[in-house]
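The feature transmembrane segment is assigned by TrEMBL to 12-31, 37-55, 67-84, 96-119.
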Amino acid sequence: MYTITPLIIIDALWLGVIAKKFYLTHIGYLMTSNPNWIAISLFYLLYPVGIMIFVLEPSKGNMKKTAILGSLFGFFTYATYELTNRGVIFQWPWTVVIIDILWGVVLTATVSTLAVYFFQKKHT
């Protein structure tokens, strides 16, 4: 709950408002008008589990360590996705690779630190 809610809200704001034109411009030719909600739901259920295992548990509530581990987890997960796309999808733009990896870093660090903040606020 501490990770899934901010993840969905922040990522929806990014994808649906802030970066929507960017994605339409660069990869709109690949985007569907009928999203696969099962796949999307699975991502938003699984990614927070990864954050809990690889970021929140090892950081033990230390905000600085949480931000660092969140940044690293976001970097490696989004880099894996983006570089795979670049390797196998014809003309996957480098601009999208770079912006998405940076977004993964910012998103995951933010969601992770918010999760720690809200958890500590509720339990102190």
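Including glycine, each Cβ sits where the backbone N, Cα and C put it.
Curation plays no part in TrEMBL annotations; they are all automatic predictions.
Of the recorded ranges 12-31, 37-55, 96-119, the transmembrane segment (67-84) has the largest number of C-beta contacts under 8 angstroms with 96-119.
Counting same-chain residues at least six beyond the ends of the transmembrane segment (37-55), those with a Cβ under 8 angstroms from any Cβ of the stretch are 3-4, 7-8, 11, 66, 69-70, 73, 77, 108, 111-112, 115.
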